[in-house]
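Engineer: Mind looking over this structure? Questions follow.
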Amino acid sequence: MDLTPILAVPALLVAGFPLAFAILRSPFLAVLFAPLMAALLSTVAVVLMLVVGGPLLLWIALVLATGAAGAWWLLRRPGESAPYGGWSHALLIALPLLPPCLMIFEPAVQWDAHSIWWLHAGYFANGSEYARAAIGSPAFVFSHTDYPPLASAPLAAVWSVVEPDFRTAQLVGAVVTASAVAMLVYLVRWALGRVSARVAWALAIAVGLATWSNVPYAVTGGLADALWSVSFAGAAVALLLGADPLRRPVLPLLLLTVAALSKNEGLIAVAGLTVLVTVRAGADLRRAALVWLPVLAGGAWAVLARLLDAQSDITNGTSGGRSGAVVERLQFTTAALWDVVGPVLLGAAVVALLGTLFLSGRRRAAGLAADGWVWAAIGYYLVVLVGTYLTGPNEIQWWLATSVQRVTLPVMLLAAVSLAGWVAVASCGDSRAESQPVLDQPCEPAMSGSAPTATG
């Protein structure tokens, strides 16, 4: 029995745990966040390898050592543990996600997994010269070599140590994506801190399970769509729904960075969300400037990819400017979008409208910002998505059939977030009674050494 896939999981946990714990100050939440943190650290190593040169393993060692030193420095500074950081909260987050993750036992046969993400991991694992040559090679244009490296970087780190195999690739990708889903569930629960604990947990778990709504194999199939989508949605929850979203911005900023460095459309979505957060911040532009850091990270990768002569069959061509062709593509696109997300969006919009008319006061008492911010993010992303399908070079019916369910996952998740917010508000009793936080914390302090807060 090959133990490599099994050993890859504790390797991710060990690599990401120090910084995850230093940020969250809860060992239980840190275990859930560690794989995603390991993916971020391995991405830094990949970028440094491409810029400076040398073998990936050397840069992995240097980045992990630097990360451990940074964690030690952070832990020496005063800090408070993240709310809902007890072991029971971690189990509430993780256990409901296990059943759909059992699809890991199905082999990953998706074309994109093999031809994009695992292929990229393979050339990253072979060192800087090999990776640079592959990225700039016209023979690999089908592989979207301009795609950001985060979805491939943790696997490349593993493959730089052990013999490459696809079961390890599938498990590494699934664990990293499940870590992002766990953070989405956690942030929804945090945002609903003034709602009944049972209702808040049920809604947070439901939003997390919506990850599997469009594409059941998205988490375990070796694709990057679920990874960037849930990271984007988690950041949107933290930055658009909370009363003071920039008070503890590190986790949402890291999730935005994951989204921006996982796929090209993730960077575009992050840029739009960043504009919304900046507008919402108003006069507090100094703190709002922090949310532009993930955009800069994604932009830096785009520049590096161009310097390495990366190419893509999407960005290197257009469908042409004939009005008849554009109209036809628009018809096919709107029909496909309606089939996948139309009924859910319509239902969520009706609920949002009724909630705005009758429950706005109660929503403010529940500590939630206006739902219009979430719908602005949905509208922006849909406009970008339609524009991409209208101007892209691929035959439209084939393109929609092979991608529309995956690329609309952010829309489904944000619609679920909107619905969860209004259901939470409707479940509240008298608004004056609900104006105080609902305590849902362990009686004992978390192992980080600082007492847990009420709701954060």
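Note that Cβ sites are derived from N, Cα and C of the backbone, with glycine treated the same way.
Per TrEMBL, transmembrane segment is recorded for 6-24, 31-50, 56-75, 87-105, 169-188, 200-220, 226-243, 289-308, 340-360, 372-391, 411-429. Summarising the annotation, TrEMBL assigns region 'Disordered' to 434-456.
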Engineer: What residues elsewhere in the chain lie close to the transmembrane segment (87-105), defined as a C-beta under 8 angstroms and at least 6 residues from its ends?
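Structural biologist: 26, 28-29, 31-32, 170-171, 174, 178, 181-182, 185-186, 189, 201, 204-205, 208-209, 211-212, 216-217, 219-221, 440, 442.
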Engineer: Determine which recorded stretch among 31-50, 372-391, 411-429 has the most C-beta pairs below 8 angstroms with the transmembrane segment (6-24).
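Structural biologist: Ranking 31-50, 372-391, 411-429 by Cβ pairs under 8 Å to the transmembrane segment (6-24) puts 31-50 first.
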Engineer: What stretch, picked from 31-50, 200-220, 411-429, has the most CB pairs under 8 A with the transmembrane segment (56-75)?
Structural biologist: 31-50
